[in-house]
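Q: Just dropping this structure here.
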Amino acid sequence: MPQLRLLPRRAWAALFSQLLRPPCTSSPGAVHCHSQGTRDLSPQQMVVREKILDLVVSCFKRHGAKGLDTPAFELKEVLTEKYGEDSGLIYDLKDQGGELLSLRYDLTVPFARYLAMNKVKKMKRYHVGKVWRRESPTVLQGRYREFCQCDFDIAGQFDPMIPDAECLKIMCEILSGLQLGDFLIKVNDRRIMDGMFAVCGVPESKFRAVGSSIDKLDKMSWKDVRHEMVAKKGLAPEVADQIGDYIQCHGGVTLVEQMFQDPRLSQNKQALEGLEDLKLLFEYLTLFGISEKISFDLSLARGLDYYTGVIYEAILLQSPAQAGEEPLSMGSVAAGGRYDGLVGMFDPKGHNVPCVGLSIGVERIFSIVEQRMKTLGERIRTSETQVFVATPQKNFLQERLKLIAELWDAGIKAEMLYKNNPKLLTQLHYCENMGIPLAVIIGEQELKEGVIKLRSVASREEVAIKRENLVAEIQKRLSES
């Protein structure tokens, strides 16, 4: 697929500053706005969104995934203590009839609950659905309180790193297919991170808290993250500095080899297991032809508590303005990882089902694609109407209704104006404005001769077609276009 050029630096800045509309201020008599951090989507926006979702879902299906849906809300206890520091962002619902409920925070925990409840030991599934987070909506970070997620997960006991490699391949296929420009997928492993914390002297009770601070490195400078770890998380300054040395490392499989030689990290059993798996993962990524898109990055933390092994995050890169400059990251558009202990939390006997998955960030991708279409001046058709039924004469409503019913019954997408006696020019203008490719015209002359005029809206050419051949001729033309 041809790559579309990336937007200029200024356009990117404008786009990301507009990702979230500021809350609207109602003037007297104005209709009240929707809730802050949510938004309506116009027909034009829905067309863009559906194109993105079609591409994403068709990729999931190509890899053998089955569809799944879960309720918008879960028992509160299902969601608590699964997300670490982010648990405060869960939307709790008012007690209705003795059940404490919460809106789902992501699609992963409900999936794990489903597997445990139904005793499913093996499944490859995809799920597209809305999730809710009680964020403070911020204009610059593009954070919404209600947004759509597209998830793909592989559950089951398999040989190491094969499903993980497939998840990364899927990410690459989707991001390449959407033509968002250059991207990079950062990869790390929770075991390497925990091993790094251990050898740097972080108490085990603080592993998750320190990890969630490191997770903020894409939004905060190392100086601010270090300050948070020392001042708020109570970490010794020299421990924070040792962590700082490690998390500046990123590279490919050679960095994995280097870490095997690291005198401290190589003494940690957990870290060694993680490094072994990453080495194997890179072998598979090379066979899939995507290793140049993947970077082993020791600063990648992923704040969620349930990850147990490989973790990854895809970021868009903005082309460097000057030669020799580092490409700029434009934020995360997909992420995921391995969570082998989550299903066991819902199983009465604690039986685990190993899982690995990914989530595509539709909102940010949607904003980027929409902005790009505006920049390139692409026109968006909001309906899929293929044929318009028109007449130049008065009192032809009955004939138009008979004709349009014939088209609908043949599976052709057709429209007409809801007027008894519309002007022909009005009808033809409507076709042009809506981008409808064909018009069929019926009048007294056509009725007498048993024909229908078929008009190509773009070229304005007209031909007379026998009434009984009309459907076949339209279908032939539509299949050729």
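Cβ from N, Cα, C; glycine included.
Dumping what TrEMBL says about this protein:
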DOMAIN    36-392  domain 'Aminoacyl-transfer RNA synthetases class-II family profile'
BINDING   ASP106, LEU107, THR108, ARG133, GLN149, ASP153, ARG302, TYR306, TYR307  L-histidine binding site
Q: Tell me the Cβ contacts of TYR307 (L-histidine binding site) under 8 Å, same chain only and six or more apart in sequence, or just say none.
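A: ARG190, GLY337, ARG338, TYR339 - these are the non-local Cβ neighbours of TYR307 (L-histidine binding site), listed in sequence order.
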Q: Please give the greatest C-alpha separation between any two of the L-histidine-binding residues ASP106, LEU107, THR108, ARG133, GLN149, ASP153, ARG302, TYR306, TYR307, in angstrom, as a whole number.
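A: Largest Cα to Cα distance for the L-histidine-binding set is 21 Å.
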Q: Just counting, how many other CB atoms are there within 10 A of the CB of ASP106 (L-histidine binding site)?
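A: Result for ASP106 (L-histidine binding site): 20 neighbouring Cβ atoms inside 10 Å.
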Q: For each of the binding-site residues (THR108, GLN149), count the other CB atoms lying within 10 A of its CB, then report the residue with the highest count.
A: THR108
Q: Within 10 Å of the Cβ of ARG302 (L-histidine binding site), how many other Cβ atoms can be counted across all chains shown?
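A: Looking across every protein chain shown, the total is 23.
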Q: Can you give the mean pLDDT for the domain 'Aminoacyl-transfer RNA synthetases class-II family profile' (36-392), rounded to a whole number?
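A: It averages 89.
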